[in-house]
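> Sharing a structure with you now.
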Amino acid sequence: MSLPPSPYSAGAGRLLVERAPAKVNLSLHIIGRRADGYHLLESLVAFAGCGDRLSLDPGRPLGLTVSGPGAEAAGAGPDNLVLRAANHLMARRPGLVAGHFHLDKRLPVAAGLGGGSSDAAAALRLMARLNGLDRNDPAILAAAAATGADVPVCLDGRARVMAGIGERLSPPLALPPLFAVLVNPRVPLATADVFRRLGLPPGAMRDAAPQPATPAGGCDGSEALAVLARARNDLEPPAKALSPAVAEALILMRDLPECRLARMSGSGATVFGLFDDCRAATRARRLLAAARPTWWVRATVLR
Ligand SMILES: C[C@](O)(CO)[C@H](O)COP(=O)(O)OP(=O)(O)OC[C@H]1O[C@@H](n2ccc(N)nc2=O)[C@H](O)[C@@H]1O
Ligand SMILES: Nc1ncnc2c1ncn2[C@@H]1O[C@H](COP(=O)(O)OP(=O)(O)OP(=O)(O)O)[C@@H](O)[C@H]1O
């Protein structure tokens, strides 16, 4: 039996490494549904300090190995979003040099944290670095959009408002650092199932939804929290209907004495809580981890 190649093996080239941070939807408002079934939305997206890690060994043929707690759920086959993104890019730019990817999969899978999308974006950044492409090269942007609705916003991992189905991005936003706890009850939720459960017919527009509450540039953390409190995640009700663990996580988070805001991210089941400072978030992480020892719980800063 041959051993899988070491993620840290030197190969013929220099190992390139990128972080793939978790994406958190601070707000998510559904505006309508396109005739092709995709939903139009407005979402304020930020990125966490925790995430996956992707490396690329340029000396070897295109391939992927995966390690870490989420390795089995993510898989290492051609459907992994790392390989899908690389193949989308190579189809648009024949002749690009690829290599062997190694993914250290730390984030829970199908969790509303855009882990796969962030991995795909990291793969495109690695391919861009290896081939001397600009990150804003049209082929990179097109490969990102073709890989998944969340991939474009993950390309540079900076807080933005995304609109359309995720292809229209605001300029980067200067959010104050937000002290957060992320909790995932380890119940995977398929994004397509959550959108379907919303029950919006294709072609339908909802009554005018408010703009996503976006904290003004330069505001402090407590002003940002006040603005975010006026927003919502429209996918919470369908996710709760599909998984009671989402409601349980929201209640546990909201009931923590120092929690200022609790909301689901993306299509769930991960719930985030926001706190006034790092110490309050750390205390909350300890309380949640003790209350639900089998759940995935992290304290982190969102930017
Ligand atoms: C919920 C969010 O995570 C918010 O950031 C994204 O909108 C979902 O992004 P994603 O996981 O990259 O989604 P994709 O992989 O492109 O799509 C998965 C499935 O979700 C549904 N989908 C996704 C995005 C969207 N705007 N409308 C949809 O209805 C579609 O059924 C699609 O087949
Ligand atoms: N690298 C990857 N990491 C995680 N999942 C992957 C990956 N590649 C393919 N997948 C598949 O994609 C699906 C969605 O995974 P992901 O973890 O990105 O979901 P998510 O966090 O809900 O994303 P989003 O917030 O964008 O909806 C899973 O069912 C998984 O099998």
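Just so it is clear, glycine is given a Cβ too, placed from its N, Cα and C backbone atoms.
For reference, TrEMBL lists these features for the protein:
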- K23: active site (ACT_SITE)
- 80-157: domain 'GHMP kinase N-terminal' (DOMAIN)
- P108, V109, A110, A111, G112, L113, G114, G115, G116, S117, S118: ATP binding site (BINDING)
- D150: active site (ACT_SITE)
- 231-286: domain 'GHMP kinase C-terminal' (DOMAIN)
> Under DSSP, the domain 'GHMP kinase C-terminal' (231-286) has how many residues in helix, strand and coil?
27 helix, 10 strand, 19 coil
> What other residues of this chain sit with their CB within 8 A of the center of the CB atoms of P108, V109, A110, A111, G112, L113, G114, G115, G116, S117, S118, the recorded ATP site?
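So the additional residues around the site are A22, K23, L107, G266.
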> Indicate whether A110 (ATP binding site) is helix, strand or coil by DSSP.
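Looking at the DSSP assignment, A110 (ATP binding site) belongs to neither helix nor strand, so coil.
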> Return only the integer: C-alpha distance in Å from G114 (ATP binding site) to D150 (active site).
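About 7 Å separates the two Cα atoms.
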> Give me the DSSP three-state residue breakdown of the domain 'GHMP kinase N-terminal' (80-157), ordered helix, strand, coil.
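So the domain 'GHMP kinase N-terminal' (80-157) is made up of 43 helix, 5 strand, 30 coil.
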> Using all protein chains in view, find how many other C-beta atoms are within 10 Å of the C-beta of G116 (ATP binding site).
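G116 (ATP binding site) is surrounded by 30 other Cβ atoms within 10 Å.
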> Using a 10 Å radius around its CB, how many other CB atoms surround A110 (ATP binding site)?
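A 10 Å sphere around the Cβ of A110 (ATP binding site) contains 21 other Cβ atoms.
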